[in-house]
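Engineer: Quick one: the structure is below, and I'll ask about it shortly.
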Amino acid sequence: MKVVPYKDQKGSKKEQVADMFNNISKRYDLLNHLLSMGIDIYWRKQAVKILKKHQPELVLDIATGTGDFAIQALDAKPKKIIGVDISEGMLAVGKEKIKKAGLEDKIELRMGDSEKLLFEDNKFDAVIVSFGVRNFENLEKGLSDMFRVLKPGGKLIVIEFSKPKVFPMKQLYNFYFKNILPLIGKIISKDQSAYTYLPESVNAFPDGEKFTGILDKIGYKETLCKPLTFGICSIYTGSK
Ligand SMILES: C[S@@+](CC[C@H](N)C(=O)[O-])C[C@H]1O[C@@H](n2cnc3c(N)ncnc32)[C@H](O)[C@@H]1O
């Protein structure tokens, strides 16, 4: 069964996800850093270390949201990063942040759907996604279109929540994710469902070897999963 943010509404998962991120866009950055206790910045940093090794010139940041991964990815010294997202609200916050930081010549944010990317084949040296793939309506379609726009030899880097498997982290994480996080999320974001959808979508997501299996099936080579912080989060990599 598909996990959607608003179970009592009729729209597709994609429409509901866009609505949800539009609703929480103004509080997203604050909640992100608060609920993860800042570890999200460290996780993206680890992914950027991998990106750096590939010295990419042109990078596509899928589900860029408010642009945090795109901004951190500038450490890899690309000529340009294009970020795409389906939420107008998230992009508006991101564009403002990029303007304030004087990064408009380096990062360009646009509306764009991972499943119908408006770019030609073999365009990007690297495609990156942080905390985005779990929200796709059709995961395989999104990952296939990302494969299409990657240059041969290009690198895919995905960061996504995963489920810790070892005692006592598994139990602590489950308690925090199911009880504390939705409560704080609801109070601060004022969205009834967004932070209930978060643990539910993580639970339904094919993490670890299941995800690298999907990447293999699509055609990515040298796929790897690197768990971080007791497996709360994983970095997945692959090449075209
Ligand atoms: C949890 S946020 C992550 C934002 C950012 N990457 C970060 O690390 O903070 C997930 C984002 O995925 C976007 N998204 C979901 N489905 C998408 C799709 N099919 N194509 C593009 N963006 C999508 C949402 O609108 C949202 O901004």
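Backbone N, Cα and C define each Cβ position, glycine as well.
In TrEMBL, annotation is done automatically, which means it is predicted and not curated.
Pulled from TrEMBL, these are the listed features:
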- Thr66, Asp85, Asp113, Ser114, Ser130: S-adenosyl-L-methionine binding site (BINDING)
Engineer: In the three-state scheme derived from DSSP, which category covers Ser114 (S-adenosyl-L-methionine binding site)?
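Structural biologist: In the DSSP reduction, Ser114 (S-adenosyl-L-methionine binding site) maps to coil.
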Engineer: Just going by other Cβ atoms within 10 Å, which of the binding-site residues Asp85, Asp113 has the emptiest spot?
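Structural biologist: Taking Asp85, Asp113 as the binding-site residues, the minimal 10 Å Cβ count falls on Asp113.
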Engineer: Around Thr66 (S-adenosyl-L-methionine binding site), which residues of its chain at least 6 apart sit with Cβ under 8 Å of its Cβ?
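Structural biologist: Listed in sequence order, they are Ser25, Tyr28, Asp29, Met90, Val93, Gly94, Lys97.
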Engineer: Please list residues from the chain of Ser114 (S-adenosyl-L-methionine binding site) whose Cβ is under 8 angstroms from its Cβ, counting only those at least six apart in sequence.
Structural biologist: Ile62, Ala63, Val84, Val129, Gly132, Phe136, Gly142, Asp145, Met146
Engineer: For a quick check of packing: other C-beta atoms within 10 Å of the C-beta of Ser130 (S-adenosyl-L-methionine binding site), how many?
Structural biologist: 25
Engineer: Would you work out the biggest C-alpha to C-alpha distance among Thr66, Asp85, Asp113, Ser114, Ser130, the residues that bind S-adenosyl-L-methionine according to the record, and give it in angstrom as a whole number?
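Structural biologist: The span, Cα to Cα at its widest, is 16 Å.
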Engineer: Provide the three-state secondary structure of Asp85 (S-adenosyl-L-methionine binding site) computed with DSSP.
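Structural biologist: Assignment for Asp85 (S-adenosyl-L-methionine binding site) reads strand.
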Engineer: Helix, strand or coil for Thr66 (S-adenosyl-L-methionine binding site)? Use DSSP.
Structural biologist: coil
